[in-house]
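Report on the structure given below.
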Amino acid sequence: MSTIELHPARRGLHGTLQVPGDKSISHRAVIFSALAEGTSHVYNFLTGEDCLRTVEAFRRLGVRIDQSDDSLTIYGQGLNQLKEATTPIYFGNSGTTARLMSGVLAALPCFTVAYGDESLAKRPMDRVVVPLEQMGAKIYGREHAARLPLAFAGQKLTGAKVNLNVKSAQVKSAVLLAGMLADGETTVYEKGITRNHTEMLMPQYGISIKTEGQTHTIPGNQQPVAADIHVPGDISSAAFFFVAGLLTKESDITIKNVGLNSSRDGIITALKTMGADLTISNQRSVGHEPVGDVTVRSSSLKAVTIEGDLIANLIDEIPILALAATQAEGTTIIKDAKELRVKETDRIAAVANNLTALGANVKPTEDGLIIHGPTPLAGCVLPSFGDHRIGMMSAVASLITESNVMIEDKNCINISYPRFFDHLSQVMK
Ligand SMILES: O=C(O)C1=C[C@@H](OP(=O)(O)O)[C@@H](O)[C@H](O)C1
Ligand SMILES: C=C(OP(=O)(O)O)C(=O)O
């Protein structure tokens, strides 16, 4: 197993860095470009393992995709030229690939088998299978197609009115992708607001879609056309450096080109409520997404309650927010976050395990965490549970411990942030 020993950041963090491209937008840009007619380019593409799974899936369907560093050239030939994959397609650890590709594979006229790694094979797929079945999809697998591997007997689907019973951008996106390819119109009713990158990208590929509040309507039989996409930096990756800068003494770092989409910026709201010295400058648009440079300085934090609609807006940032809460004055309550139990690992259990091992006062609840702070943290050996965000949270914790921390399975961080440790040493100099 790949283990790394990290030492505290006694002189604080300084300088600037640029986090990699947004994971959600990178997946989606590949999907639309590969289905499109014409040659698309994706710039600042996230070359993490998860997004490369989506690239590989389309290569298996016969699409030529060339990669040069973090730029992709995708030679779309249109929907009619896609080929059937003759052996199973591997989705690795990527929930986003599994859910979004399910919407595509159910609606294409070919037979596909797809599988994932041990973690992905445990994650719920019925959340996409059930709404796709309402559109006529034929999907087979274990536990009534609730788990990978899945077999898709792809065929023409029929548009439907679909009520989602889980707040999930992945599920919404799967149904919208299927709706784009189906006969007739599809309407998706969301239970709450979730990240809107699919809806924002669709018009850029010439696809019409109408959004009113939490209702999305998409006409069927649409052929995307090629586009060039510039992917903003990933706020979910930047969040690790926001908290690193806030918790370490005498720190002042700027993270440039951070995506600030209002369906993703809950971490900034939460940290500011906690009293973070966090400022945004140079606000602009990259593609159709808002971005800015975020400067954080060492801060004394206070506890906060995170619940309700804010949860979907910062779902992937909860592990690092929990670490921040261990250093905040008072009791932080995180609730309504049961979704964390079905991520790459059970993140409620994993966060509680690692923060407790470090000496924090943390109680896991059924749908969240209760954290009493501030508590000093001590060095120890921490597992990553094969989960990139748990690995990065543990690495940031090491910056404020009294002695060194050993992090096991550091390579799982390559899933979303291959250069994470380079960037960390860059700001520790
Ligand atoms: O749509 C997306 O790109 C994502 C949506 C979220 O998952 P859910 O849709 O399961 O909430 C998030 O946790 C995941 O990292 C990426
Ligand atoms: C949950 C995540 O991703 P996915 O669902 O794509 O595996 C994540 O990146 O934190």
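Including glycine, each Cβ sits where the backbone N, Cα and C put it.
Unlike curated records, TrEMBL annotations are generated automatically.
When TrEMBL records K23, S24, R28, S168, Q170, K343 as binding 3-phosphoshikimate, the matching candidate from D183, D316, D367 it lists for that site is D316. For G95 (phosphoenolpyruvate binding site), the binding-site residues whose C-alpha atoms fall inside a 10 Å radius of its own C-alpha are K343, out of S24, R28, S168, D316, K343. Close contacts with ligand 1, defined as a Cβ under 6 Å from any of its atoms, occur at D316 among the binding-site residues R28, D316, R347, R389. With all protein chains in the displayed structure included, the most crowded Cβ environment within 10 Å among the binding-site residues K23, R28, R123, R389 is that of R389. Cα of K343 (3-phosphoshikimate binding site) to Cα of R389 (phosphoenolpyruvate binding site): a distance of 10 Å. G95 (phosphoenolpyruvate binding site) falls within a helical segment according to DSSP.
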